[in-house]
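What Swiss-Prot annotates here:
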type	residues	note
BINDING	ARG25, GLU82, ARG125, LYS452	(6S)-5-formyl-5,6,7,8-tetrahydrofolate binding site
DOMAIN	221-374	domain 'TrmE-type G'
BINDING	ASN231, THR250, ILE252, THR255	K(+) binding site
BINDING	231-236, 250-256, 275-278, 355-357	GTP binding site
BINDING	SER235, THR256	Mg(2+) binding site
Amino acid sequence: MASSTHVPIAAIATAPGRGGIGVVRISGPDLSALARRLFGRELTPRHAHYLPFTAETGEHLDEGIALYFRAPQSYTGEDVLELQGHGGPAVLRRILERCLQAGADLGVRLAEPGEFTRRAFLNDRMDLAQAEAVADLIDASSVAAARGAMASLSGEFSARVNALSDRIVHLRMLVEATLDFPEEEIDFLEKYQARPTLQALAADLATLIAQARQGVILREGLHVVLAGKPNVGKSSLLNALAGDDIAIVTPIAGTTRDKVVQEIHIDGVPLHIVDTAGLRDTDDTVESIGIARTWKEIERADVILHLQDATQPADELDAQIVARLPARTPLLTVFNKVDLLDQPFQAQAGQLGISAREGAGLDELRARLLALAGWNPGAESPWLARERHVHALQRAAEHLEAATEHAAQDDRVLDLFAEELRLAHDSLSSITGKFTSDDLLGEIFSSFCIGK
């Protein structure tokens, strides 16, 4: 997104479709002149004005509320005009066209995706983690995710990152001062307790990484794949977890030919449950395609549930399936149809007995799913996080570890010690956008809707 930030931008800020209220938003330098053209009068900043919205010809397009926010006290840090009218698509398009026409000589143009929030970031109204939280709040699919996004938007995550950054900068400042005045012959590592300071930093960073991983799970959810031979109850389990008849269930082996995906929530965590074609040798062309897709889904899985029929002994095909499952992916072997057994099912380590039809064992299955993915319901994770945040935190941890190795030597390697501290600081700064490439900014903001 290389467009100039010195010209006004305009867009419909509400979601597509019909609604009671729709909003057209304009942001840019000195919009008071545009307001006079649109309404024939001055607008008092931060006051609601009930006015007609008219075309250049005087035709009434709509009537509603106009709000004027003067820079820097606005969402973007620039002057902002918001026109709140009725939420019909045709009405909003006409209001937007009128704004573009009235502001043509001022350079008003259509906004690009995420451009309002990008301007808020560039004008220091929010940092990059908070800007991402705007999109996360819009996309939140559960109350827990919405709360986490709001916590990030309010700056809780950024405050934790900034606190660590400040401590690293302080330590680095002391190192640089020692390097600048070598004649003082100060034993830096001892005088400033560099080693215990590094240990405390590393411990606090490890805690932050663990919390960020929880935030990633809460934001992105888990990709859970149901895999196994035909007719072991994969579709029945999907329906039981979803609480609805999502997948077709018949006693005919091979009923499921293509994947069926359903999103459910457990403790606020979104789970994308994928029912797949049964795994077996077959000459059926269509079924073979479905089986090939099953293996692709298995490769993408965060958690694999390998379903088996508790009423049937494991055979060579079961062993072949297990041998081919990726070792890196958490696995739970689920024996279905335990309600048909004469004796209680005796589960071994890594196994669970359930009845998809009767609902037995499903609560335990839900708890196991979250545990396998690393979700800790008792852990403190008040904010959402992204994979890029975790990677940045991990890079910072690696640089602190390297600094610790240098600190285990003596003051002769202080320059290397200082460099690792600088790199750790840069990694943390990339989270909040204090040290971030334009390519990353473009990637982040391009995922926003146009009105944001």
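Each residue, glycine too, has its Cβ placed from N, Cα and C.
Feature annotations (Swiss-Prot) mapped to structure.
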residue : record                                              : Cβ contacts under 8 Å, 6 or more apart
GLU82   : (6S)-5-formyl-5,6,7,8-tetrahydrofolate binding site : ALA13, VAL23, VAL24, ARG25, ILE26, ALA66, LEU67, PHE69
ARG125  : (6S)-5-formyl-5,6,7,8-tetrahydrofolate binding site : PRO72, SER74, TYR75, THR76, GLY77
ALA356  : GTP binding site                                    : GLY233, SER236, LEU237, ASN239, ALA240, ASN336, LYS337, LEU362
Query raised in the report: Including all protein chains shown, what's the count of other C-beta atoms within 10 A of the C-beta of SER235 (Mg(2+) binding site)?
Result: 23
Requested in this report: Just name the winner among ARG25, LYS234 (the binding-site residues) by count of other CB atoms within 10 A of its CB.
Outcome: LYS234
Requested in this report: In three-state terms from DSSP, label GLU82 ((6S)-5-formyl-5,6,7,8-tetrahydrofolate binding site) for me.
Outcome: strand
**Report entry** Count of other CB atoms lying within 10 Å of the CB belonging to ASN231 (K(+) binding site)
**Finding:** 20
Report task. Round to the nearest Å and give the CA-to-CA distance linking ASN231 (K(+) binding site) with ALA277 (GTP binding site). Result -> 10
Report task. Specify the secondary structure state of ARG125 ((6S)-5-formyl-5,6,7,8-tetrahydrofolate binding site) as given by DSSP, simplified to three classes. Result -> coil
